[in-house]
Ligand SMILES: O=c1[nH]c(=O)c2[nH]c(=O)[nH]c2[nH]1
């Protein structure tokens, strides 16, 4: 005998771009480009176990609904739009108990022409994305998180790594000055919201949370005299929690992108290690992967 232990289905990679126009100057425009995943849970077992499509909200309808709700509602901040979309599914269909909405927001940053910010022209300034996740329950409760992914950073000094276990497996030399580079993947979870109205009342916190987490991440990466990726990561989390009272916990997943020194002394005694290191070999793999979640203990 077998049983269906878990089932969740939906539409992934729903793409949309929304243009919002300023009320008084329609040429002043704002653009938001998203890739969205909508997943639903509930009384849907018979679709799997009895080939019964009666409970199926089609994934095609989920895509249509996403487009329609994007037209009828603000899509920014993405935490709010994810909540609106998730709430729609659990309130429209009695048998749907949970909706999970994942939004990836791609960068379109307004740029300046001759020093003046242009009204409707934007640049993709990097592959970094902003992410938002909403988990909406049939009771109306909403669990929200925001985040950043693929923010690639590098510092050419200000990072050391020494004092670790030295045993028969160890070949890594200790260093007091190394290159540090990572692709920031950070997620912060907000305190639970009772319903969509509570999310609407807290709306300013989502943009503030994103801006402050991004600024803290970049500033700490630059200014911390890093003892390790682990230690720098923990400092970032502590600062984000101190700056945002609605955030419950912060997590990071930081790949350690290694750049190795190259010994060139075989060529005419060329000095290129330690304090003389300038030409490095970027490593694509393997890479370290340092992760942690930091939460409030009160
Ligand atoms: O910051 C680091 N943490 C580690 O755990 C580690 N391990 C390693 O080989 N290099 C590094 N760097």
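Cβ coordinates are placed from backbone N, Cα and C, and glycine is handled just like the others.
Annotated 5-hydroxyisourate-binding residues in TrEMBL are 60, 161, 230, 256, and among 178, 214 the one listed with them is 178. According to DSSP, residue 258 (active site, charge relay system) is assigned to coil rather than to any helix or strand. Considering only the recorded positions 11, 161, 178, 229, 230, residue 258 (active site, charge relay system) has 178 as its nearest partner by CA-CA distance. With a 10 A radius on its CB, residue 60 (urate binding site) counts 9 other CB atoms from all the protein chains. Rounded to a whole value, the Cα-Cα separation of residue 229 (urate binding site) and residue 11 (active site, charge relay system) is 36 Å.
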